[in-house]
Amino acid sequence: MEGGVHEFDGSTFRECFSLTWRNPYVLRLAFSAGIGGLLFGYDTGVISGALLYIRDDFRSVDKNTWLQEMIVSMAVAGAIIGAAIGGWANDRYGRRTSILVADALFFVGAVVMASAMGPGQLVVGRVFVGLGVGMASMTSPLYISEASPARIRGALVSTNGLLITGGQFLSYLINLAFTKAPGTWRWMLGVAAVPAVGREEEAEEILRKIYSAEEVEREKEELKESVEAEARERSSSEKMSLVTLLMTTATVRRGLVAGVGLQVFQQLVGINTVMYYSPTIVQLAGFASNQTALALSLVTSGLNAAGSVVSIYFIDRTGRRKLLVISLAGVILSLGVLSAVFHEATSHSPPVGAAETTHFDGGALTCPEYRSSSSFWDCTRCLKAASTECGFCASGGGDKLLAGACMVAASNTTARDACHGEGREWYTRGCPSRYGWMAMVGLALYIVFFSPGMGTVPWIVNSEIYPLRHRGVCGGAAATANWVSNLAVAQSFLSLTEAIGAAWTFLIFGGLSVAALAFVLVCVPETKGLPIEEVEKMLERRELRLRFWPKRRRAGDDGDGGGKTGGV
């Protein structure tokens, strides 16, 4: 395999499909390994819609923000353990066995959740699912990367990202399909028990199915050299902890800084607040109905899946680093829009009218805190009533921005039913707003920019940046860092929106996105088109460079015939 970046004749995207048309086994291998990615996406996406109905079935969950965050984030806690175990299991038992174990954990978790009799059993099921998600998150891209020709490795690893986002989109479709079915959320969570398949092939047979006949011997020789190098260091490297590797091996240290940093920032820019709480965010933007919230969330999920297709096209054509920079610039812009929209929505919340409130049952349903207050109240203040859980019944005159009623919402549905009985909308998580559609535009822009870059590139970089002999443990460390960051975001989002409001919460994510952009410019190397063996050599001699746009050759310059790395 030649060193340096490959010069492309036309689109790598077309080359990928040309190769897989001639040799469909490569694509079948990628999609088979990516089944874990499909389940990963489904199980992370399905909870966003299921949570709306879990709150309706279990009163202990409905107004307990901490318990809602627990149900969501316990899958993430399980994923932290699964990713850590996955790194060890990949080196000890192999990629295929790890993928099959992940699929089995998905099955067990889905069954436990679908049969849950209370929040506690739901949490247990979410932990099992999380263990599977964690193992699949670092095993599937690694397996695909090692089985892919270097020229199209990025595109094929992106199929795992496509299956993840496709699984999330499928989860929203299924959520929407079961909104009228008895036991809504049980069906939503139980469907994940369906797919689990695996196959085994010998190494040389796999190579002959992936590469042309003239390439097989070369690939075998390179793998043999790599294995021999690994064997020479095995006696020492097996005894080396991750901390020791960081202190003594510059290549590993540089790779981990880039890989772990990308995984952490992928979560800190806020993506899983959108994927886990998308319907809730839609309701915060002023759309009260569960069905409407799910339908609008389907749009963002669909854009996420479409972004993965865009990534497949551009990842080996544009490069990892440029795609990250463009992605983060758009994410910063989108979060700024969301912050501004939610600030305006909160500032222009519909007022509470005394006549509108006492209109219901002679005032018997009036929020006690509002009844005892003499100051101005609006919908936002009604929903934040400290002493009693209260809801807002929008105006029935056709304009939801006119004065509405603030009524008690705790422990019964009387007020909600009375509001719906007059054809009005009942709000408990957000207020009517003229800016709701702008919030949807902001969410859509966020996904459009995030998905092709920050959505897929961190996993691709982590599948190709570490030395072969340390890839399992390093990939596991990076995936674990991703899930720890994910847990921090998932467990704090609802609490943050209650404490400081959605506007400030999205502004915080915007600030973290700026930090992520600076990190990419400084610390992340370009690995586009590099054979895996060349990535290690590049890291050995890597210098810190801020430039990443390739320097154009002037007419008459002599070339050395090699590819350029275009910066870091």
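Keep in mind that glycine also has a Cβ here, set from the backbone N, Cα and C atoms.
Range with TrEMBL annotation transmembrane segment, chosen from 123-144, 255-276, is 123-144. Ranked by number of Cβ pairs under 8 Å to the transmembrane segment (435-461), the listed stretches 66-88, 100-117, 123-144, 323-342, 473-494 are led by 323-342. Sequence-remote contacts of a segment are chain residues at least 6 beyond its ends whose Cβ falls under 8 Å from one of its Cβ atoms, and for the transmembrane segment (323-342) they are 262, 269-270, 284-285, 311, 314-315, 435, 438-439, 441-443, 445-446, 448-450, 452-455, 457, 501-504, 506-507, 509-510, 513-514, 516-517, 520-521, 524, 548. Note on the transmembrane segment (473-494): residues 65, 68-70, 72-73, 76-77, 79-80, 82-88, 90-91, 134, 137-138, 142, 242, 245, 252, 255-256, 259-260, 262-264, 266-268, 270, 272-273, 276-277, 280, 458, 462-463, 466, 505 of its chain, located 6 or more positions outside it, place their CB under 8 angstroms from a CB of the stretch.
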